[in-house]
Amino acid sequence: MDDIYKAAVEQLTEEQKNEFKAAFDIFVLGAEDGCISTKELGKVMRMLGQNPTPEELQEMIDEVDEDGSGTVDFDEFLVMMVRCMKDDSKGKSEEELSDLFRMFDKNADGYIDLEELKIMLQATGETITEDDIEELMKDGDKNNDGRIDYDEFLEFMKGVE
């Protein structure tokens, strides 16, 4: 693995790491070894708004799966996400972000409230405190109305690109 990508992982914000961890954990729920299979990897990356081609995905897998196990742990996954973010200089498309917003907006009212955010984060099986959830909400809720609208979500996601 390139040291440059490992160094870039260190530059990720806690919010970015939490978002990546939440997505990763959804697919690792049944795995005893804490790793996801390479075939699940594309699904996780698409969930996070990345859209690697099968060739790009295989290239990234070959790069991080040094032992040939066919699985990727969270640290390897972070390196892959940094690489994909770097390669995807345009960031997430409007359509991908819209899909992600709808995934969080369970009741389809056009807002992500604290409860919806909590449900999505707890679905990962990861231990996350109320304070962590409230901090994420505060970071995303720029007008302090207690919920994240689509424009706030887009602004928040710019920091993830």
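Glycine is treated like the rest: Cβ placed from N, Cα and C.
Pulled from Swiss-Prot:
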- D65, D67, S69, T71, E76: Ca(2+) 1 binding site (BINDING)
- D105, N107, D109, Y111, E116: Ca(2+) 2 binding site (BINDING)
- 16-51: domain 'EF-hand 1' (DOMAIN)
- 52-87: domain 'EF-hand 2' (DOMAIN)
- 92-127: domain 'EF-hand 3' (DOMAIN)
- 128-161: domain 'EF-hand 4' (DOMAIN)
- M1: N-acetylmethionine (MOD_RES)
Within 10 Å of the Cβ of D109 (Ca(2+) 2 binding site), how many other Cβ atoms can be counted across all chains shown?
10
Integer Cα-Cα distance in angstrom, E76 (Ca(2+) 1 binding site) to Y111 (Ca(2+) 2 binding site):
33
Distance [Cα-Cα, Å, rounded] between N107 (Ca(2+) 2 binding site) and S69 (Ca(2+) 1 binding site):
40
Surrounding residues of the domain 'EF-hand 4' (128-161) on its own chain - C-beta under 8 Å, 6+ positions past either end:
13, 15-16, 18-19, 49, 85, 88, 91-92, 97-98, 100-101, 104, 110-114, 117-118, 121-122
D105 (Ca(2+) 2 binding site) to T71 (Ca(2+) 1 binding site) - Cα separation in whole Å:
31
Inter-residue C-alpha distance, S69 (Ca(2+) 1 binding site) and Y111 (Ca(2+) 2 binding site) (nearest angstrom):
41
Structural state of Y111 (Ca(2+) 2 binding site), classified by DSSP into three states:
strand
Select the closest residue to E116 (Ca(2+) 2 binding site) from the following binding-site residues, measuring between CA atoms: D65, D67, T71.
T71
Among D65, D67, T71, which are recorded as binding-site residues, the nearest neighbour of D109 (Ca(2+) 2 binding site) by Cα:
T71
